[in-house]
Amino acid sequence: MSAAIVNAVKQCGYFNQGQCLSCRHIQQPLAQQVAVKTQTLQQLLAPFIPANSAELFLPPITGDDSGFRNKAKMVVLGAAHEPVLGIVSPSGEAVDLCDCLLYPGDMQALLHRLTRFVQQAGLPPYRVDKAKGELKFILLTRSQVRGEYLLRFVLRSHNGIERIERELPALLAEYPQIKVVSVNIQPIHMAILEGDEEIFLTENTRLEERFNHVPLFIRPKSFFQTNPQVAAQLYQTARDWVAEFSPRSLWDLFCGVGGFGLHCASNDITLTGIEIEAEAIACAQMSAQMMGLENVQFMALDSTDFAKGKSAADKPDLIIVNPPRRGIGEALCQSLSEFAPKAILYSSCNPKTLAKDLEHIQGYHLTKVQLFDLFPHTDHFEVLAMLVKD
């Protein structure tokens, strides 16, 4: 990491001027940030770590502290003739965040171009205070493989679609790396990012990403890690840890687009992936097909309900869980304890709920814990924890 990059991030004008405070720790050296996160993690997991077992905590994994983020969620503010893509500042002002240093340079340039696109299309930004206007958000996702993009316009109604379609050919001619464009209709006057209806304006409906030679796909509503550099190391570490157990059968619960399970999969392993979001399951199925995997099944189901419907005889050798911030919950903890697989690999984006879940998983002990700093300058981080049957 170059000194220039570190200094550039520390001199973030948005933060210094109080316009954006999302990166609350940006003025601290990255090493100091990670040290604080490590201490927080160790304190939360201390009740589950035997005495003199500090070696269970492996060195934290970090990446670049700028230019790493692959997704932008821009509120569209201002007026049709002078739109602003960004956020509302703590003082209530519209702040243009196109130059946010978390985004790669090519992404910053495209965000500026999208500002002009909104102006040229004459799309009136949605005014929350007046419940008027059309364009609520612009959501942009970047693939690191070829620098390709998925672009979404979140509208209040169908009224703005014709204007988008009118200006879209010129945008795609200028930016052929935009592979997927869609409109999401969100008619509700509430702080909700997206609605149920998705309308594709391109033939392509998915964006390809690739981690460690594993193809993964992104669709508009499927969750995907926002820091690909560190996420690739997270998936590779999971693959290495799982391989130590030589499992013949594997469950990947809360599997999303299949990142963990597909990294561990082979035709010698029976893999079952469970995820509530149907779009994510469709992506996982595409990946499995592209990889030529035969003993793989991905299903759009609730992970807790899936586990409740299984008996101990159905248990796999190893179970991976990668829940949202709320954790897996007491009911699923009980199911995992009853299944008693050889090991449980828990990937958590919230160490507080990880610790809470560990209280309810019976008959297991931690053997490895590692912190992955997917979210520099914030209090958030990812944790990989290996639990082995007593």
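Note that Cβ sites are derived from N, Cα and C of the backbone, with glycine treated the same way.
Values in this document were obtained by computation on a predicted structure and should not be read as measured data.
Summary of the site annotation: Swiss-Prot records S-adenosyl-L-methionine binding at GLN225, GLU275, ASN322. Screening the candidates PHE245, PHE254, PHE339 against this entry identifies PHE254 as the one listed for that site. Binding of [4Fe-4S] cluster is annotated in Swiss-Prot for CYS20, CYS23, CYS100; the matching candidate from CYS12, CYS255 at the same site is CYS12.
Cα to Cα, CYS20 ([4Fe-4S] cluster binding site) and ASN322 (S-adenosyl-L-methionine binding site) are separated by 30 Å. Separation of the C-alpha atoms of CYS349 (active site, nucleophile) and ASN322 (S-adenosyl-L-methionine binding site): 8 Å, rounded to the nearest whole number. Nearest by CA distance to ASN322 (S-adenosyl-L-methionine binding site), out of the binding-site residues CYS12, CYS23, CYS100, is CYS23. Counting every protein chain shown, 22 other Cβ atoms lie within 10 Å of the Cβ of CYS100 ([4Fe-4S] cluster binding site). Those same-chain residues not listed among GLN225, PHE254, GLU275, ASN322 yet with C-beta within 8 angstroms of the centroid of the S-adenosyl-L-methionine site C-beta atoms are PHE223, CYS255, GLY256, VAL257, GLY259, PHE260, ALA280, PRO323, PRO324, SER347. Taking the C-alpha positions, the distance from GLN225 (S-adenosyl-L-methionine binding site) to CYS23 ([4Fe-4S] cluster binding site) comes to 18 Å.
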